[in-house]
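Going by TrEMBL, these are the annotated features:
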DNA_BIND  15-34  DNA-binding region
BINDING   SER88, THR89, ASN90, GLN112, ARG116, GLY117, ARG118, LYS183  biotin binding site
DOMAIN    69-254  domain 'BPL/LPL catalytic'
Amino acid sequence: MELLNILADGEYHSGEEIGSQLGVSRAAVWKQLQKLESFNLEIESVKGRGYRLIGGLDLLDGEKIRSHLNPEAALALGQFDIFPLIDSTNNAAANAIRDGRGWGYSCLAEQQTSGRGRRGREWQSPFGRNVYLSQVWEFQSGASALEGLSLSVGLAIVRAVSKFGVIGLGLKWPNDVLYENKKLAGILLEMQGDPAGVCQVIVGVGLNVDMNGADTDAISQPWTDLAQIVGAVDRNKLVAELMSSLHLVYKEFLAGGFAVHRDEWSRHDAFAGRDVKVQLGDTYIEGVVSGLDRSGGLVLMTADGERVFNGGEVSLRSA
């Protein structure tokens with residue numbers, strides 16, 4: 001990461017300068033540059049000028065993030081880790097739980113090698129471009145207290161991103177944030193502990209900031225990123241706003257469950273009143289979305305009357 005910190009400004013740096021700062025030979029510098037290229041980072045070499053990282057990078061910085069957290073979140077969140085490269089931030093959070101660093105733990109990564117979304121779908125993770133965040137939340141009443149949690153997390157993302165000039169964000173039941181019907185962010189929740197008692201929930205968030213460098217051909221649905229919507233965004237400020245927003249939503253959810261967020265979520269419902277298909281296993285049910293119940297279940301008006309769906313393997317697609 002030291003070499004990346006030098007090159008992150010996007011300016012030229014000579015091999016001699018880099019070697020001096022790192023305390024290594026120019027040959028060692030060249031080897032490290034080759035390693036950076038394995039992250040799909042574009043390094044330009046110009047004789048007489050040196051090396052530069054094309055476009056530069058806005059790297060995550062723990063101190064900068066802390067400086068932008070609201071005071072209550074800064075006190076409550078405690079430790080968080082930033083990994084240059086990791087298999088999955090959700091896996092890191094699970095390891096933290098096993099090590100006794102549970103509630104309040106957060107972790108971020110510049111890149112994930114095995115990032116995943118709901119139902120095991122791969123999440124594209126270009127280096128140093130997006131937000132890959134996982135937090136550990138604790139609940140005292142087991143799985144019964146978690147109904148609608150992914151919906152509330154989506155609302156936290158909308159609140160945070162809206163502060164960066166993004167207008168018209170939509171929420172797609174049960175776990176996507178959309179802009180103009182294109183996916184901007186996704187959520188993956190994983191529970192550990194006692195399903196009937198004290199349990200921890202790993203709240204994983206993937207937010208597209210700048211998909212430059214991603215294998216977009218591998219993405220099976222329409223997508224967008226903040227770079228296309230509002231241009232460049234300071235990732236450290238964005239992460240701090242997101243973490244602060246998540247902390248507030250966690251407190252609100254503890255106090256009243258999804259019911260306290262239902263009306264606000266409904267104002268962002270991207271599928272309200274629309275004809276849709278709901279996939280439940282190998283079965284497809286068609287109907288019109290008529291809202292959510294108090295626990296976050298999707299209410300669908302079908303030819304056979306009203307039906308309510310409560311997550312699990314249900315997926316929603318526009319008809």
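Just so you know, the numbers here start at 1 and follow the chain as drawn.
Note that Cβ sites are derived from N, Cα and C of the backbone, with glycine treated the same way.
Heads up, TrEMBL stuff is auto-annotated, nobody curated it.
Recorded features from TrEMBL, shown on the structure.
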residue : record              : Cβ within 10 Å
SER88   : biotin binding site : 22
THR89   : biotin binding site : 27
ASN90   : biotin binding site : 24
GLN112  : biotin binding site : 25
LYS183  : biotin binding site : 19
#### Entry: Tally of DSSP helical, extended and coil residues in the DNA-binding region (15-34)
17 helix, 0 strand, 3 coil
### Task
Grab the pLDDT values for the domain 'BPL/LPL catalytic' (69-254) and give me their mean, rounded.
91
